[in-house]
Amino acid sequence: MVSLLHKFLENASGKKGQDLASTAYLAALDHLLHSFPSIGKSIIDELKSQRSRLKMIASENYASISVQLAMGNLLTDKYCEGSPFKRFYSCCENVDAIEWECVETAKELFGAESAFVQPHSGADANLLAIMAIITQKIQGPAVKRLGYKTINDLTDKEYTELKAEIGSHVCLGPSLNSGGHLTHGTVRLNIMSKLMRCVPYEVNKKTECFDYSEIARLVRTYKPTVLIAGYSSYSRRLNFSTLKQIADDCGAVLWVDMAHFAGLVAGGVFIEEENPIPFADIITTTTHKTLRGPRGGLVLASKEYDAVINRACPLMMGGPLPHVIAAKAVALKEALTVDFKKYAHQVVDNARTLAEHFQKQGLRLLTGGTDNHMLIIDLTSLGISGRIAEDILSSVGIAVNRNTIPSDAVGKWDTSGIRLGTPALTTLGMGSDEMEEVANIIVKVLRNITLRRNADDSFSKSEGELPENIAEEARARVAGLLSRFPLYPEIDLETLV
């Protein structure tokens, strides 16, 4: 049996551009196919699947092969609870070197005073942020007030009273329907809502944008300990100078969740008051969205919170993932390049172009457009749900996700909108011409979806249909785009049998 690697090397013989990264990647797949065939096959099938779809889910992207290779190594075998040079385990000097380099690179990239690179996800980073704020702003003063040195000195009664006090403090954050994330505390099913009293703020019903005067009114009313700014489905930028002033007026901590737009900050697209770094007390982010890194999280903070955040173990974490930290370091170094800055600007240019073509063809976008990497289409006038649109678009090779909109009448599962993003398509090299073609394909599909008729002659609320001729045309146009902009072109799919 001829191995994948042998076939790849034979095909690559004499070709320019053959590099160690693609060879190493194929060697890893080759080994898995022979040793664990079902796993190897599923990985290859996923590569084929991703190469056959336009990835327009705003929270997804493509990491470089270098980033992926940095994750697949023996670093995964090392336990390293603690922080660099202060571990609970011995023999961590090599992990220390990698994590320290990752930290310093993050600080350089964002211009931050401190960086913590261990969180396994954005949700973990957010949980660490709120725990750090609770520790610094509520627990610490309470322990000192009672005349103790540490929380372990409290009696059971005092500890119970402290937990009740923590639960009475207010955290003000964006609601889910207004573009916030479930970890912002306004969804009671999430652990964040169980730690403090979480109060939501909404977008303005007319503009569908955040109203700073209304946020300021709520801050004066509730006097929150924490003000959260950030979003997972909001197509405009935020003014962090204004938000900092609002927070300072009541002594609140300004916590910014920039998971979606971290790459736009790193790439110099969001500058001055649109850059949260100079204004926020704590900033959390993922590393796998616009940053194009591995799945994981980061916490950037002012010096006030540096010590408590670096004590994430035992605060709310155990052992970090050193192999992922290595991959984060690679991604952050990639983000320091001129090419990444060009990429970040192109992401926003592509989103604006996409929005313009949607609007020209009569689709309604939340907020009337976009200033960042994403846009949300209101499907109400088309008479279909976000779930139906998501399913039908997926069937023709376009990956989007259904999304709630303000005052959503359909509900959180089926939704009235879809969210689209340009980070992944921009990584493939697509530009304004391709965005016009993508918009045209999507509009034609959406306008031709009809509701499936049930057995009782009523219409389904969750299933739609698309005429086969429209579907075939859309698939062909999608395939045409992807043939010109293949994912990981250095990996020859013909060898992946």
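Think of each number as a place in line: the chain as shown, counted from 1.
Placement of Cβ uses the backbone N, Cα and C atoms for every residue, glycine included.
The (6S)-5,6,7,8-tetrahydrofolate binding site annotation in Swiss-Prot covers Leu176, Gly180, His181, Leu182. Here Swiss-Prot flags Lys289 as N6-(pyridoxal phosphate)lysine. The site 'Plays an important role in substrate specificity' feature in Swiss-Prot is assigned to His288.
Following the DSSP three-state reduction, the secondary structure of Leu176 ((6S)-5,6,7,8-tetrahydrofolate binding site) is coil. Local packing around the Cβ, expressed as the count of other Cβ atoms within 10 angstroms, is greatest for Lys289 among the recorded positions His181, Lys289. For the (6S)-5,6,7,8-tetrahydrofolate site, the Cβ centre of Leu176, Gly180, His181, Leu182 serves as reference, and the other residues of the chain with Cβ at most 8 Å from it are Gly173, Pro174, Ser175, Gly179, Thr183, His184, Thr186, Val187, Ser232.
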